[in-house]
Amino acid sequence: MQTIALAVIGGTGVYTLSQFDDVQVYEVETLYGRPSGPIRVGMLFGQRVAFFARHGEEHALPPHKINYRANIAALQQLGVSRVLALNTVGGINEAFGPRTLVCPDQLIDYTWGRVSTFCEEVGSEVLHVDFGHPYSPLLRGCLLRAARDVDVSLVEYGCYGVTQGPRLETIAEIDRLRRDGCDLVGMTGMPEAALAREKGLEYACLGIVSNWAAGCGDGAEITMGEILSNVATAFSCLPELISKVARE
């Protein structure tokens, strides 16, 4: 197989890549089971890119039921070394309103009960990986440069609070996240980032703010219609940005 320049993991509302040509579909089996769906490899503005939808192509997998280990292992089996994760998130900080694109540099994990490491098999090596900077500085740098080159507005920092889901958070829970220093809230950032680190992959997050978190902004009720509409609007500029990252 030809070298894959970049793998993209699609989040809520992102189930395919537009302008994706010469696509081949791979059904990958791993030691940890099957990934969320088939992995599609094709050309995006001249760059060879892999893509799959984290929640499945029909959005059938809630955040706590995603086989994160199989997803990361499948990408590694295809020879992927760089992963750009698209995460649909809610805005807590007033600078992170709906339709904002964000490249977070930190996260806090509030999830529980998810299989969060590859170090579980008998005889496997125990890895105490450095996770002080949970996102690859190298790939984050590529993303930030690419955004400037294609004139895409991107917030260049942020702390992503990862909650269990699938329900949205209470106002009190969001107040707690704010006090903890979180700018964004979502449900799929972990254990994905940590598993990628264990496998030695360069991994970065591109957050798509779909709505204000509970009690933030105008305080209106959050609906799936609002979330999907805002993701679609924000995503319109991303194929060119993704191809630019792949080219870096």
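In case you wondered, yes, glycine gets a Cβ from its N, Cα and C as well.
Database features, via Swiss-Prot:
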BINDING   T12, R54, H55, T188  phosphate binding site
SITE      E169  site 'Important for substrate specificity'
BINDING   M187, N211, W212, A213  substrate binding site
SITE      M224  site 'Important for substrate specificity'
Which of M187, A213, M224, all recorded positions, has a Cβ with the fewest other Cβ atoms inside 10 Å: M224
Residues that sit under 8 angstroms from E169 (site 'Important for substrate specificity') by C-beta distance, when 6+ apart in the chain: G90, T163, L177, V185, A213, A214
Whole-number Å value for how far T12 (phosphate binding site) lies from W212 (substrate binding site) (Cα to Cα): 15
Binding-site residues compared (T12, T188, N211) - highest count of Cβ atoms within 10 Å: T188
Fewest other Cβ within 10 angstroms of its own Cβ, chosen from the binding-site residues R54, H55: H55
Integer Cα-Cα distance in angstrom, T12 (phosphate binding site) to M187 (substrate binding site): 10
C-alpha spacing of R54 (phosphate binding site) relative to N211 (substrate binding site), in angstrom: 20
Rounded distance in angstrom between the Cα atoms of R54 (phosphate binding site) and M224 (site 'Important for substrate specificity'): 17
Length of the line joining the Cα atoms of H55 (phosphate binding site) and M224 (site 'Important for substrate specificity'), in Å: 15
